[in-house]
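Written out below as structure tokens is the structure these notes cover.
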Amino acid sequence: MAETKIPRATAKRLPIYYRYLNILLDADKKRVSSTELSEAVKVDSATIRRDFSYFGALGKRGYGYDVETLLAFFKKILNQDTLTNVALIGVGNLGHALLNFNFHKNSNVRISAAFDVNEAIANTVQSGVPVYPMTELKKQLIEQQIEIAILTVPTTVVQKITDDLVDANVKGIMNFTPLRISVPETVRVQNVDLTNELQTLIYFIEHYGQQLGDNGNDDENETED
């Protein structure tokens, strides 16, 4: 069976569904309707049904969705059975927070290596994660076969480090810097600008007020690719 190509907006919602299905399973819930899912995850039911339709018949009319079956399906789609090692580049305040967090609630993802220019941090272990000097970046990424990296570095060096990541065969970058980095088409970048997100939130509150809808989660219902 050929791999299903789905819109980016749908792909962003899949982990939300998966997380809530785990909650339902823990509560010994056997089945769930799209309406129940909608109320829980704040995504309208039509969007949920459309998202699920990309994967074929996941539910039954009049019955809803079998929680255990649906959870097993999304577990496979989201690669939850495979451990993904991630590199953290930059162990400043944000980097330390990410190391402390280290995706403990998502056991298939972990930061397994960190890198920093600070000699006081390099060659130490922080929150159970080894921190290497930046001079070892490419070597360690290649040897450890790490293909995902998180960037929390100054904007003055982010593009140079990005180029090094590409040279080390990194396939995906989560960029916490405000700079938009340049990468080949074969590399996926997810930009996370906390300042921009906060400014956007303030703008919507100031200019739209209650027009966003009952829950204000309009972004969860987007349908564009």
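Each residue's number is its place along the chain shown, starting with 1.
Glycine too: its Cβ is placed from the backbone N, Cα and C atoms.
As annotated by Swiss-Prot, DNA-binding region applies to 16-55, with the evidence given as sequence analysis. As annotated by Swiss-Prot, NAD(+) binding site applies to G90, V91, G92, N93, L94, G95.
Positions of the features from Swiss-Prot, shown on the structure.
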residue	record	Cβ neighbours (10 Å)
G90	NAD(+) binding site	25
V91	NAD(+) binding site	24
G92	NAD(+) binding site	13
N93	NAD(+) binding site	9
L94	NAD(+) binding site	16
G95	NAD(+) binding site	24
Conformational class of V91 (NAD(+) binding site) under the three-state DSSP mapping: coil
Beyond the site residues G90, V91, G92, N93, L94, G95: chain residues whose C-beta lies within 8 Å of the centroid, for NAD(+): L88, H96, A97, L98, D116, T152
